[in-house]
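Inspection log for the structure reproduced underneath, given as structure tokens.
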Amino acid sequence: MTLLIRDVPQTERPRERFIREGAKALSNQEIVAILLRTGTKQSSALHVASTLLSQFPTLAMFSEAPLEEIQKVPGIGMAKAIELSAAIELGRRIQRETKLVRPVISSPEDAAELVSEDMRGLQQEHFVALYLNTKNHVIKQKTLFIGSLNASIVHPREVFKEALQSSSASVICLHNHPSGDPSPSPEDISVTKRLRQAGAILGIELLDHIIVGDGCFISLKERGFFATIS
């Protein structure tokens, strides 16, 4: 039998938990249930939210789903599908607006945090470069390559062409591992070596190469790889 919202203790209902503990304490299911507001006669908003999220392996895939796909979930009509899509779009706009303020990169954590949300749930490797000025402000962020990264795909020419065009003082490169494990591969080390060497010739330092996993990351510089590939 499906649990209805009235069967959930009042203190454990999503809205009450939101008020008491804040949004960050809630699960994805609870956040979606709040946006849905109501369920059906047979299913609570929590159950509808659970069914919806089960249709999409990742939040990134859900965020890209067309209205027609969202409406296939029992309990979600056109109005609720539009409300969910509007909430997602608002989140995107907030993120874009935030990025208009040039962030300062003072640690690998800063760089990883800047791209981790965009990389979450991606099914292919994405290679991103952050171009910095002399004060380590990000003046440009660009996805340069998509696919299985190796030395033949990630060419220093493309990385540093953007650096020269934007008059960057340094570059930080990042890419994701869809497996969720950020451990560097031999190809990652090889690519980093070529980029370090090219940057040294051009006078544009590669400050770091960061691999982003599932809720974690590895800085090749912090792990000591830069000392062996100078």
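Just so you know, glycine gets a Cβ as well, placed from its N, Cα and C.
Annotated features, as they stand in Swiss-Prot:
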BINDING   His175, His177, Asp188  Zn(2+) binding site
DOMAIN    104-226  domain 'MPN'
MOTIF     175-188  motif 'JAMM motif'
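Sequence-distant neighbours of the motif 'JAMM motif' (175-188) (same chain, 6+ residues past either end, Cβ-Cβ under 8 Å): 119, 122-128, 149-151, 209, 211-218, 220, 223, 225. In three-state terms derived from DSSP, His177 (Zn(2+) binding site) belongs to neither a helical nor a strand segment and is classed as coil. Each of the binding-site residues His175, His177 was scored by how many other Cβ atoms lie within 10 Å of its Cβ, and the smallest score goes to His177. Residue counts for the domain 'MPN' (104-226) under DSSP (helix as H, G, I; strand as E, B; rest coil) come to 41 helix, 36 strand, 46 coil. Long-range Cβ contacts of Asp188 (Zn(2+) binding site) within its own chain (separation 6+, distance under 8 Å): Leu149, His175, His209, Ile211, Leu220.
Apart from the site residues His175, His177, Asp188, the chain places the Cβ of Glu125, Leu149, Asn176, Pro182, Pro184, Ser185, Ile211, Val212 no farther than 8 Å from the centroid of the site's Cβ atoms, the recorded Zn(2+) location. Per-residue pLDDT, averaged over the motif 'JAMM motif' (175-188), rounds to 94.
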